[in-house]
Amino acid sequence: MEMQDLTSPHSRLSGSSESPSGPKLDSSHINSTSMTPNGTEVKTEPMSSSEIASTAADGSLDSFSGSALGSSSFSPRPAHPFSPPQIYPSKSYPHILPTPSSQTMAAYGQTQFTTGMQQATAYATYPQPGQPYGISSYGALWAGIKTESGLSQSQSPGQTGFLSYGTSFGTPQPGQAPYSYQMQGSSFTTSSGLYSGNNSLTNSSGFNSSQQDYPSYPGFGQGQYAQYYNSSPYPAHYMTSSNTSPTTPSTNATYQLQEPPSGVTSQAVTDPTAEYSTIHSPSTPIKETDSERLRRGSDGKSRGRGRRNNNPSPPPDSDLERVFIWDLDETIIVFHSLLTGSYANRYGRDPPTSVSLGLRMEEMIFNLADTHLFFNDLEECDQVHIDDVSSDDNGQDLSTYNFGTDGFPAAATSANLCLATGVRGGVDWMRKLAFRYRRVKEIYNTYKNNVGGLLGPAKREAWLQLRAEIEALTDSWLTLALKALSLIHSRTNCVNILVTTTQLIPALAKVLLYGLGIVFPIENIYSATKIGKESCFERIIQRFGRKVVYVVIGDGVEEEQGAKKHAMPFWRVSSHSDLMALHHALELEYL
């Protein structure tokens with residue numbers, strides 16, 4: 001096969017095919033005695049004549065992919081009459097041993113090397129700063145190298161600028177493998193060249209800090225993270241004691257896992273392909289589950305939390321993004337329009353039935369407020385928020401406290417009525433007022449998911465029957481609202497806030513009887529009876545800050561004007577379709 005190519009007519013070519021140095025050029029055109037078939041100076045280990053013969057006999061070596069060395073390597077010189085494509089039109093023979101090229105090639109006014117073999121950094125390494133596991137950047141430059149015969153192709157010392165290993169390797173060694181991917185504990189390496197022998201995954205040693213293309217990664221050994229991270233840029237299990245070559249298989253252990261520091265819960269990955277250990281750090285408070293919140297709240301006393309916060313706010317590291325401010329009547333529940341019959345007239349229902357259901361629910365609301373929530377004592381001392389008077393609470397145990405004999409009702413019904421702010425004066429009286437609001441808070445948190453247990457068996461059945469009749473009359477209005485409320489409540493970065501014109505105690509009774517306690521913690525309920533909704537919005541902004549997005553959902557003019565003043569988006573609810581559209585927008589995460 002070689003003889004067929006070498007005997008093709010070339011008027012300026014002389015020499016035999018058995019010449020180790022390849023075909024010789026006519027001396028009338030060039031003084032050089034020989035040149036390599038591919039026109040390059042490649043220094044390799046000398047081979048014996050028997051190896052040359054066996055290599056030449058291998059038919060699979062007749063082709064060498066042109067993509068092996070990139071698009072610009074071994075490009076023909078357009079002005080040179082002895083370019084390799086004219087000598088060998090279709091094939092090149094890298095297995096034929098070259099001889100040192102003549103130094104008189106410079107007489108033709110061209111450099112001795114082609115563009116791909118220049119010492120310039122035309123093919124510099126491509127740094128990839130986004131690679132976290134130390135994959136060498138020069139690996140991508142060798143991705144296109146491919147041979148069909150498994151022939152090893154070593155790199156010449158004169159080719160350091162082409163596909164170089166970067167600044168860490170000053171002089172590439174002959175016979176060194178072109179690349180080695182270090183990928184989580186295993187390296188796809190070759191023994192002496194590209195795809196020579198059996199290609200397999202070998203456990204080669206990782207690069208140390210002096211062999212990396214990236215000389216320094218930021219270390220996390222300072223400050224409060226010292227217990228989680230090593231002080232050195234590379235963890236100990238990434239480093240080896242010996243300064244080995246990137247492709248030299250290591251006989252000693254490569255994976256040296258360090259012991260985690262005391263007090264840090266860590267779990268090492270048992271997969272042999274993993275070189276790092278996963279440290280399970282505690283989650284942030286905003287991401288904790290409901291069970292974790294309950295467990296954290298149960299041991300609150302043991303952590304010495306004595307002072308009460310009148311206006312609770314989210315923790316500093318909270319990632320709260322959106323606050324949904326809801327109106328209650330005619331937005332979440334249908335109550336006032338039942339009493340007036342306007343809902344029945346609008347939707348074609350029976351007005352007397354509607355009014356009857358409204359009156360029954362109103363009676364149940366005030367009965368619950370008077371019996372269990374001290375509404376008779378607190379009606380004239382209404383508060384905007386449940387914690388507004390908590391600063392007057394001395395933390396006394398109320399398990400054996402008798403609210404009926406402490407003298408508070410007599411003082412409340414005296415001529416000196418409560419002021420507009422709900423504060424009358426007197427340390428003793430204010431403490432008793434704070435006791436009642438604290439007891440209301442305890443009852444709400446205890447029975448918000450079990451209102452039937454608070455009502456008793458007889459009233460529980462009447463309450464469930466009334467709820468079912470109202471839902472049937474209102475075409476499941478409350479169910480549609482609860483779907484949107486529950487979706488918001490399930491998000492860790494969103495919160496539901498209730499602002500109602502009803503007094504605080506009756507509003508709490510409404511929330512409990514309509515089954516809304518699960519989506520409205522008592523700290524998120526505000527009464528706008530005394531100060532108006534716009535002032536409530538200002539308190540909410542002061543509580544959560546101005547970095548979050550506020551969305552107001554209601555049906556009235558007052559909440560719409562308050563939202564407009566504070567540049568808050570307003571979602572009007574006037575029908576079932578508005579609630580369904582709201583839930584759809586929440587599902588698509590538009591809100």
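Placed from the backbone N, Cα and C atoms, the Cβ positions cover glycine too.
In the record from Swiss-Prot, residues ASP327, ASP329 bind Mg(2+); the candidate from ASP475, ASP555 listed for the same site is ASP555. In Swiss-Prot, the region 'Disordered' annotation falls on 150-169 of the listed ranges 150-169, 170-189, 210-229. Same-chain residues that are not part of ASP327, ASP329, ASP555 yet have a Cβ within 8 Å of the Cβ center of the Mg(2+) site turn out to be LEU328, GLU330, THR331, ILE332, THR500, GLY554, GLY556, GLU559, VAL573. When the recorded positions ASP327, ASP329, ASP555 are scored by other C-beta atoms within 10 Å, ASP327 scores highest. In the three-state DSSP scheme, ASP555 (Mg(2+) binding site) falls into the coil class. Rounded to the nearest whole angstrom, the C-alpha distance between ASP555 (Mg(2+) binding site) and ASP327 (active site, nucleophile) is 7.
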